[in-house]
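Here's the structure we're looking at; comments come further down.
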Amino acid sequence: SFIFIQDFSQAMSQAGSSQFQEVIRQELEYSMKVELDKILATAHSNEIEHTKKDLEGFKKLFHRFLQEKGPSVDWGKIQRPPEDSIQPYEKIKARGLPDNIASVLNKLVVVKLNGGLGTSMGCKGPKSLIGVRNENTFLDLTVQQIEHLNKSYNTDVPLVLMNSFNTDDDTKKILQKYSHSRVKIYTFNQSRYPRINKETLLPIAKDVSYSGENTECWYPPGHGDIYASFYNSGLLDNLIAEGKEYIFVSNIDNLGATVDLYILNHLMNPPNGKRCEFVMEVTNKTRADVKGGTLTQYENKLRLVEIAQVPKAHVDEFKSVSKFKIFNTNNLWIALSAIKRLQEKNAIDMEIIVNPKTLDGGLNVIQLETAVGAAIKSFENSLGINVPRSRFLPVKTTSDLLLVMSNLYSLNAGSLTMSEKREFPTVPLVKLGSSFTKVQDYLRRFESIPDMLELDHLTVSGDVTFGKNVSLKGTVIIIANHGDRIDIPAGALLENKIVSGNLRILDH
């Protein structure tokens, strides 16, 4: 019988392995449908409508996930983008601004991606509520920027927050404090999708609830979900009805992503008369950005290629700073009418990102996600704009937080700009060790933020604290060995120094 089975499987693989795979696919889809129907049956009457929409969206994504095989790009087809498809920012700025900039601004909506939690920085709750500068949070700074814009030009640019089920309640509570500010603030929620067991490919959730022990059963499916959830919320149609034409989308933790009037003018008054439906801001790679997605030409369209889509044999080539010189900042300008048109035709094509996770109990799950920038190939007349690095200032870690809290930047109307006293425009490379990962530990270790105007490189490892008014210049490396502690005394100046071992200054 063994021989028979072997022959049978060979015959299957030669004749109909695709048929066999199709049967398995159909069975998986059917089992998924049964499970999702069971989950939907547990919804209260007021939840049914949006739960149904979420699960329908998930089903489509799952169907595509089962269809796709291997990396989603054919490396041989990747070409450098044509010269004119990525414009230098200087060229766009050189056109100047029209007199009626207010009427152009009134067609704009600012959208911030606000679905993330501050877990990577040891915080509970929305990342946007972490204090960044003089007690101001990411959200405070965003509101201040837009309020300043509306006051300066007498305009009505609204702010839209895309929340997730993780951040919605906490964010809405905070929004009351802006009720008197000169910014209309709207929110909508991205979808809530079920995590699936890596082995069975079935949902681990048994009902719709997502509190208590069920919090781990659900996830927000990446920022690519913005198109469907913005459309489904009804907000997209309302904004179009108000005469809005473009959204400027960015991550709420990117402090460099302020409204740029030159880019907006380029969109509204294109030099060749043909409007772009999608603009992606890209910036030059440094060694720190080798994993960022890059813009390429693929089958005659601009296409965002992420590291996860690259065949293993070509990953090093993808990371090379010489071949792929730019990366996506995730600052995007998109035409509202185009989102509506493509969404209604179900024509927004984004690659699926399979994100594996291990839950607290050790269960391996996968979550299927998409990225907002990947849709660039579905829009007409897309464009990349190579912007200055200052428009990309993300705060992902406490090392980033140290930079933006320091005197390297000055704060003006919610916007951070590099201090004029810094002699070179690049940011120092800062690496804080694991004792600094959580925001509260980080804050405890600095009595005040050091002077970093002349710093090139800082590495700190182990149990280290900084007194008040410390100055760091050049390259500074501070390493406390295991079990030792280093206290940098108040007023210390460290210039091109390596400090290691054990240093404690005791008051007497």
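Quick reminder: no glycine exception, Cβ is built from N, Cα and C everywhere.
As recorded in TrEMBL, the features of this protein are as follows:
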- Lys127, Gln190, Gly222, Asp253, Lys396: UTP binding site (BINDING)
- His223: substrate binding site (BINDING)
### Query
Once near-sequence residues are set aside, which residues in the chain of Lys127 (UTP binding site), 6 or more away, have Cβ atoms under 8 Å from its Cβ?
Gly116, Leu117, Gly118, Met121, Phe138, Thr167, Ile252, Asp253
### Query
Are there residues of the same chain, six or more positions away from Gln190 (UTP binding site), whose CB falls under 8 angstroms from its CB, and which are they?
Gly115, Met162, Asn163, Ser164, Pro220, Pro221, His223, Asp225, Ile226, Ser229
### Message
What's the number of neighbouring CB atoms sitting within 10 A of the CB on Lys396 (UTP binding site)?
### Response
14
#### Entry: Cβ contacts of Gly222 (UTP binding site) (under 8 Å, same chain, 6 or more positions away)
Ile353, Asn355, Glu369, Thr370, Ala371
### Query
When a 10 Å sphere is centred on the Cβ of Asp253 (UTP binding site), how many other Cβ atoms does it contain?
23
### Task
In whole Å, could you give the widest CA to CA gap in the UTP site formed by Lys127, Gln190, Gly222, Asp253, Lys396?
21
